[in-house]
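This report refers to the structure that appears directly beneath it.
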């Protein structure tokens, strides 16, 4: 049999016992600082990954995890600090092959080409060639099958990669990474799109690979997974390294505390007055389900009440909120807005029923960037702009001016394209549009994502003001500040409502509930 | 890195292969992906049977050669477009290149006085000039699309108009006659009793099948069309590959134009005008995706073959010439519907 480069390297003999060894660390980053303009993504951060261990990297959004990953995989150079692999300095950024031999990352976003076969994806641009210089498919397939067999991935290499499920695709990507010779694999939230059974299969696979000498850096939002699979955990918060400790020595409560920090828990917030029992119900959701995305959700919101939907990515909170707003149709269950039942999945009918909606991502769904503020704010209420389908520019501008004042949008006038506004002011335009139709029910998804502190306070204050005027509000978010003003918060985990917290909860409780951790355990 | 992790193995067997031997490899007799290439073969057989019923001339070798010869020139455009489409781009200007490349050659070689020709070059230059014009047009397309990052659809639409205008300009709207013998040879010669243009067409398609299916270059087109970021990550020099594919496509169009020029012994100002619609239709019917990354050269060949067989059957059935165009359009739409039904997936 011919010898081939890039085939599965022989793993070191399986070793007994724990991760602690005298070998130099597989990868080491020291004193890393990385800035993007004004924001500091990493501030003197460090991490040390020892051979054979499964090392967890945790932190809330914006803690600097993804920046560290891109520095560890050689996609970016740090402004300060040094990265070392096995004791020697990292290769130059342009030397992709050298990086690929040292470290590989399986990103959440797949780098598989769906139309090509699994085998070809594994050996893209390094196909075997026969004597004529043509691609030798037979030997390519054999080599790919051998590679997958070596790492016990049971996938037919001649299938188009697009037919694979998320789980198999991840295994293929891991196998491809290993075929370059890397024995240090970064898994960036590998479990986000997997169900429970697939997650336990992934963990079995990871354990088997560790016995063959593979080292993992494991990034996950789900803390119980870290307790299951990792030996060491490093916590980042606000661009800094907070702690590194053996998982076994770190109770869950302390881990959560390290992630949230002490300061956040101290902030006081006036508890909102309770909503009277006789207030009319503006949203009545019964048994709402959409396959695995969210299941059997019951939710009642009264006029003047603010209800939070908390949960991490993949918990189903966004999809549930979108279903309430009419953006997607649930498969089962009923949804009643202020006494009427809009057709499921119909945005116009939901609007007519009195739903105002601030979508998840203002760039994607919220705004038409090149249209003016006036056009954007009045997008939902064409009937108020003139008769018989004609739009009166004067009426539109008047309406827009009213909203600009109401929401304190900083702009020279309503005719400015929204692309010229800052993030906070853009978000205010989205909010203005949601309010333009005087909604009975306001649905907001991560309403303060990517806005500055002042705008954030203003937007949240506005939400409270709207609620006081008798509108029911639903906020789907994983930002604690968004959830703090809610009368109560439903916490979702893997598509189910797992907890309901009344106002006045502690940050630790909320984070633990979102991460699916039982603090008393 | 520790030594233990860099040493490549010779056989790829891990210390303890957990999977038993027979479970590791499964070899389906014919993978589904391969069947897709032959999706149109049943339709071609059906048309052949219908043609034979309509008129017994249909399956005679003279008629079959006639079909192959009339489609040989435009089929090279289909081949060219297939390469470009698989790489995730489009080239509308091919139909104008099809006319302009031999047109420029005729302009420079046809003796002055007998028409719009200048007679600047001896007749032997006809073929080199044709091919050079093809390469040049491809390079201009690539310059705009790859180098400057302009939208390929609009660039080649602009080129389609410009190139057509150039041909009209140099010919004064007239037709070039009295072409040098070198330019008419390949389009009119017979090799082993079969027109040379059929041989050339089949050879180029065979070469296309080999290049697209069995070379790293061809596979990199699929990778680029399927997911350009992943292709870059795999070390493919995507810009260079796109340059090559755009130039090759224009070169193929020039060769196609040369063959038609030879068959008709002339270059009309409108040579190739409107052909691009048939080209796209044939490619899509043949299973090539307009979004890139999907389709085979063989499939594209069956696409154009099916279209020309149907046309031939209609002619044999005595359909009046005035109605042929309307029927052509209807055929394309019907063929799309059929291939949608047999392919099962939406044509994106």
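Positions of Cβ are set from backbone N, Cα and C atoms, glycine also.
These come from TrEMBL:
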REGION    B:1-25  region 'Disordered'
COMPBIAS  B:1-13  compositional bias 'Low complexity'
TRANSMEM  B:35-58  transmembrane segment
TRANSMEM  B:64-86  transmembrane segment
TRANSMEM  B:98-119  transmembrane segment
TRANSMEM  B:125-146  transmembrane segment
TRANSMEM  B:153-177  transmembrane segment
TRANSMEM  B:189-214  transmembrane segment
TRANSMEM  B:241-262  transmembrane segment
TRANSMEM  B:274-290  transmembrane segment
TRANSMEM  B:297-317  transmembrane segment
TRANSMEM  B:323-343  transmembrane segment
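Sequence-distant neighbours of the transmembrane segment (B:125-146) (same chain, 6+ residues past either end, Cβ-Cβ under 8 Å): 89, 91, 93, 97, 100-102, 104-106, 108-109, 152, 155-156, 159, 163, 179-180, 182-183, 186, 239, 242-243, 246-255, 257-258.
In this chain, the transmembrane segment (B:98-119) touches the transmembrane segment (B:153-177); three or more CB pairs sit within less than 8 A of each other, excluding pairs fewer than 6 residues apart.
By number of Cβ pairs under 8 Å, the transmembrane segment (B:64-86) is matched best by B:241-262 from the list B:35-58, B:241-262, B:297-317. Remark: the transmembrane segment (B:297-317) contacts the transmembrane segment (B:35-58), by the rule of 3 or more CB pairs under 8 A.
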